[in-house]
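Presented below is the structure to which this report refers.
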Amino acid sequence: MKVQDTLSNDHVAVNLSTTNGPDDHNDIDVDVLPPILGDNSVELSRGNPTEKDTSIEASLTLTRQILITITVTFTTILTSSNSQILNIALPTIQDELKISEENLQWIISSYNLSSGCLLLLSGRIADIYGRKIILLIGTVIFTIFTLAGGFMQNGKGLIVSRALAGCGVAMSTSSTTGIIADIFAGKARSRVFTCFSAGFALGGILGLIIGGIFVSYVKHTWRSALFFVTGIGILSIVSIIIVIPSDGSHTNEKNVDWPGAAIITIGLVLFLFAISDAQSASNGWATSYIIALLIVGILFIATFFFWEYYVTTKTNHLPLMRLGLWTRAKGKLAALYFTTFIASMGFIVTLYNATLFFQEIQNVGSVGTMLRFLPIEISGIIASILITLLIHRIPSHLLLIFALLACGFGNLCFALSKQNTNYWKLPFHGMWLIVFGADFFLPTGLILVSSYSLSDEYSVASGLFSTIQRLGSSIGLSLTFIIFNSQYKKHNKVIDNKEAYLKGLQASF
């Protein structure tokens, strides 16, 4: 294990404690969250706490490091461009495949459901069997089912293909963050994580351009756009094979906690399915099977924590998730996970609602929506550049607070917007504020998570971070749909349909 050679008053204190389990179960309790990232951050890995480790980064040429950065950034570009294409094409897909308003959200939710449920398992598998091979397999799966989605002739087929593509995303996301944390250290790690996060903005621009142009001007509309993304996926596969350094297992424990994986996966699937399907159920949340699925899902999730405690204390096997993750830094890592959950309910869901606002309320069409999204994607790149400059100079908790405030004010701008509101007056400010919030929060969160993770659990820790993001997005989308329906039905009795639709969206924001 390595820590900075000299600990001044500005550095953090590290306490080491050993559980009753085998050596692989050692947890690290970091007393104080690093106030400033970079040189003051703690690099934690297994070994002697005073021994300075040598990162893989030092053995790579600058050109190779740049190529690795580009390759890992491409993973987020792929996933975000794919999502943005479908976001902007939702009305077209709904008309072509005859999908009901209640089931339309499943095109987005199925993707979040599968990727969110498998991130933790994918992270542990990547830590055990090698992150490069899992990244490669995940990208191949994503590419294959993105291609398959373009051939689907009904809503159910598209939703299934999205769910399977999400499985690939789970594998690639958790392994990519582990690769970054393993190869790079210090400021270099911060820069690469920032580029990785900037991929969401770059992918958003690509998705908007492809989605807007293909939906409006190309014969096969959104299908051709998915075929285009498939081509990018193939390029990414080639880049992974050539550029990413090969790695092996990152732990001496070769067994996967399959019972734990099954318990948490079943629990998350049941819980998220119930939340997502409640909108289209006959009696909504009062539907008997929705209530049953929620209760059983919560019981499975609770059982998972008891099972992990049992594996840690009573067996010689490595648990799927060390419970010590939730107590590191006197609970501040757990607080970060909780904050991530709340923040994700505002980051992703707003983009979905903004698409409906521009297309259904302001009637600007696919191209008009694309143009209205484009400036905020550019601001996302600017935010990524700023966070690279600020993340070593400003306390991390202040960056997180700014991110949350930006997201909140961004949603407020949309909540105050009306049918005839000029784009530059409120919606524009809402969009760039939300993107600034997301692009400040994500890299800061990932760097903090990696700072408190052991070298054999980088992928698991970041996988948990991403799982919580997916949970927040899915639950947020469902909650906003409930709010929208409630307000729409309330106002539709006294005002015209479009005005009632606007009231529902405003309440959702």
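Residue 1 is the first one shown; counting continues down the chain.
Glycine is treated like the rest: Cβ placed from N, Cα and C.
Note that TrEMBL annotation is computational and uncurated.
Annotated features in TrEMBL:
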DOMAIN    68-509  domain 'Major facilitator superfamily (MFS) profile'
TRANSMEM  133-151  transmembrane segment
TRANSMEM  163-185  transmembrane segment
TRANSMEM  192-218  transmembrane segment
TRANSMEM  224-244  transmembrane segment
TRANSMEM  256-276  transmembrane segment
TRANSMEM  288-312  transmembrane segment
TRANSMEM  333-358  transmembrane segment
TRANSMEM  370-391  transmembrane segment
TRANSMEM  398-417  transmembrane segment
TRANSMEM  429-449  transmembrane segment
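In the predicted structure, the domain 'Major facilitator superfamily (MFS) profile' (68-509) carries a mean pLDDT of 84. By number of Cβ pairs under 8 Å, the transmembrane segment (370-391) is matched best by 192-218 from the list 163-185, 192-218, 224-244, 333-358, 398-417. Tallying C-beta pairs under 8 angstroms between the transmembrane segment (192-218) and each of 224-244, 398-417, 429-449 places 429-449 first. Among residues of the same chain six or more beyond the transmembrane segment (333-358), those with a C-beta under 8 A of the stretch's C-beta atoms are 84, 87-88, 90, 108, 325-327, 364, 368-369, 372-373, 400, 403-404, 407-408, 410-411, 414, 417, 427, 430-431, 434, 437-438, 441, 445, 448-449, 452, 464-465, 468-473, 475-477, 479-480, 505, 508-509.
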